[in-house]
Amino acid sequence: MRPFKGPNFSLILFFLIVHVFVLLPANGFHPLDPLTPSELNQVQTLIKKSHKDVTFHYVGLDEPDKPKVLSWLSRSQPPNFFQHRIAFAVVRTNSQTHEIKIDLSSNSILSDKVYDGDGYPMLNNEEQTAAGELPLKYPPFIASIEKRGLNLSEVLCEVFTIGWYGEKNTKRAVAVMCYYIDGTVNFYMRPIDGIMATVDLDKMKIIQYRDRLMIPVPKADGTDYRESKQDTHFDTRIKSMTISQPNGPSFTIDGSNVRWEDWVLHLSFDMRAGLIISLASIYDPEKNEYRRVMYRGFISELFVPYMDLTEEWYYRTFFDAGEYGLGLCAVPLVPLRDCPENAVSMDGYFISQDGAPGYIPNVFCIFERRAGDVMWRHTELGIPGQTVTEVRPETTLVVRMVSTVGNYDYIVDWEFKQTGIIKVTVGMTGLLEVRGSVYTHKDQIQEEVYGTILAENTIGAHHDHFLIFSLDLDVDGDANSFIKSNLKTSRVNGNISPRKSYWRTKVGNYVGYRLVPGSVARTLLSDDDYAQIRGAFTKYNVWVTLYNKTEKWAGGLYADQSRGDDNLATWSLRNRDIENKDIVLWYTVGFHHVPCQEDFPVMPMLTESFELRPTNFFEHNPRLIER
Ligand SMILES: *[C@@H]1O[C@H](CO)[C@@H](O)[C@H](O)[C@H]1NC(C)=O
Ligand SMILES: *[C@@H]1O[C@H](CO)[C@@H](O)[C@H](O)[C@H]1NC(C)=O
Ligand SMILES: [Cu+2]
């Protein structure tokens, strides 16, 4: 709730009440497991029985209440304690959004209510495909293509959500923008700019069309990134390397539970959030118990506002999780390229437009990383006649997912360290969104172009990426507090020291986990900008809220054309007491992206990370136990 201003901060969570839980789940079933294909089928059947014309937009686990999950984990419950598995579905029928809860155990609909607030659910893949095909059969568009001397068979169109700009009444509509393939696969570098169609998704019809400007389509030369189009010499100069674990990995996977070293955690896949880490706990050998660290962590939203004010661009303020689905956009990881050879993988399930389960193989990979780094070391040269050198190499556990949201590829790594550290790294690569332009050189540009000229007729638009993580840390239990600790310069008074200044902080030895932010970027938009009203969580990098099961999506449950009435910023206005309570930490990884020539035609990975570090949590370096 307060701005996080500079680098000299450390943020500490500490607990006041100790709960001791046994954290070893029973084999098989886990209450937080994602819905199985047969459960998804069950949802489809039940909903189709009660609604004739229905399209599916989201189906996922309606997770049980936290106390129930914890009490199940403590095993003080009978085996049938969790017989009620509940699914949550968002569907559209008769141009209305329905929220449906289904009891999978009794195979019945628990509730079915029409959502009458603002905003729309996630788009499904099939409606995006259908909308993208409409211009190709639309005579005015065909005429526009002919007028430009382009070949319609080489044209392809993509769907863009349109945001909200203060309209009272909205339709479920998207913008459709088209590209030219002709000689490349990198069509994103070949926009047919100046033309835009608006499609009503419920009617699946073009409701508005504008051919405003003739702008040259950037050429295909130099845009292709396929191996077959490259001088492969470049890629083969590195001699072969291998990673081998002849005795197999040191982790075990039981259902969705992973155990590695002293860590236990649960993984699940959600078509909106993608990868969800739950119930991460670490064994403390001295206390001889598992200690809770994080109840749940996931990417709650990914906000990408563009800074281009032209008619075909200004509305581009995407909510990639809430509009497109980070899980729905997840792609199968390529063995040996996306993940090392010692990786194992997991699959993910989602639902398609008609509710049938779809399958993403290799959606997560899990591997031990030994990248030649050091966990800790010391060389002691100070003892006469003796040199002591001790080095421990670092081995970590990585869980990875890649989500390709149209042009961009986001690589998300959750990395667990033997020292109790959780490190989260986000990598961005893929293709820029570029605008066609008459210019071929920067010296020709007179007016504001809202970006960088990357190649002839190609402007990479300025934009941001804000990934907000929901981090429900439960350090040694639910009751946690948050301390923002500022390092302050203190003047030395009197003659106690020749020094004139030093710094200090008020934090004591509270048991805690510390958020170590990466370089921080927050929004540069004005508060009254519609995009900012919707993405208000970008105003600060750190927020703390009281845990509330339904407050999951920092940009609102219905992010498409949302109006900012259900987001992290509005929830926090309730000013709930957060001291010694079950609290959730929200942290935004932000990038201001000023495209550069090297981002063309495909962007080298740009990464940012943060850490959650045990701080006075263990009695000492947890990697040393004296004999
Ligand atoms: C247009 O593209 C199609 C498909 O690539 C190709 O078969 C056709 O020959 C092209 N037409 C012209 C006039 O170049
Ligand atoms: C939980 O959050 C929702 C959405 O912000 C709110 O409507 C509800 O009142 C909250 N519940 C409690 C118990 O605060
Ligand atoms: Cu970018």
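FYI, residue positions are counted from 1 along the chain as it appears here.
Every residue gets a Cβ built from N, Cα and C, even glycine.
What you see is a predicted model, and the numbers here were worked out from it, not measured in a lab.
Database features, via TrEMBL:
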type: SIGNAL; residues: 1-28; note: signal peptide
type: DOMAIN; residues: 30-113; note: domain 'Copper amine oxidase N2-terminal'
type: DOMAIN; residues: 121-218; note: domain 'Copper amine oxidase N3-terminal'
type: DOMAIN; residues: 242-506; note: domain 'Copper amine oxidase catalytic'
type: ACT_SITE; residues: Asp320; note: active site, proton acceptor
type: ACT_SITE; residues: Tyr408; note: active site, schiff-base intermediate with substrate
type: MOD_RES; residues: Tyr408; note: 2',4',5'-topaquinone
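As a summary of secondary structure, the domain 'Copper amine oxidase N2-terminal' (30-113) carries 26 helix, 29 strand, 29 coil according to DSSP. Reported as a whole number, the C-alpha separation between the residue listed as 'active site, schiff-base intermediate with substrate' and the residue listed as 'active site, proton acceptor' equals 10 Å. The domain 'Copper amine oxidase catalytic' (242-506) scores a mean pLDDT of 96 in the predicted structure. DSSP assigns the residue listed as 'active site, schiff-base intermediate with substrate' to a strand segment in the three-state reduction. Secondary structure by DSSP for the domain 'Copper amine oxidase N3-terminal' (121-218): 27 helix, 29 strand, 42 coil.
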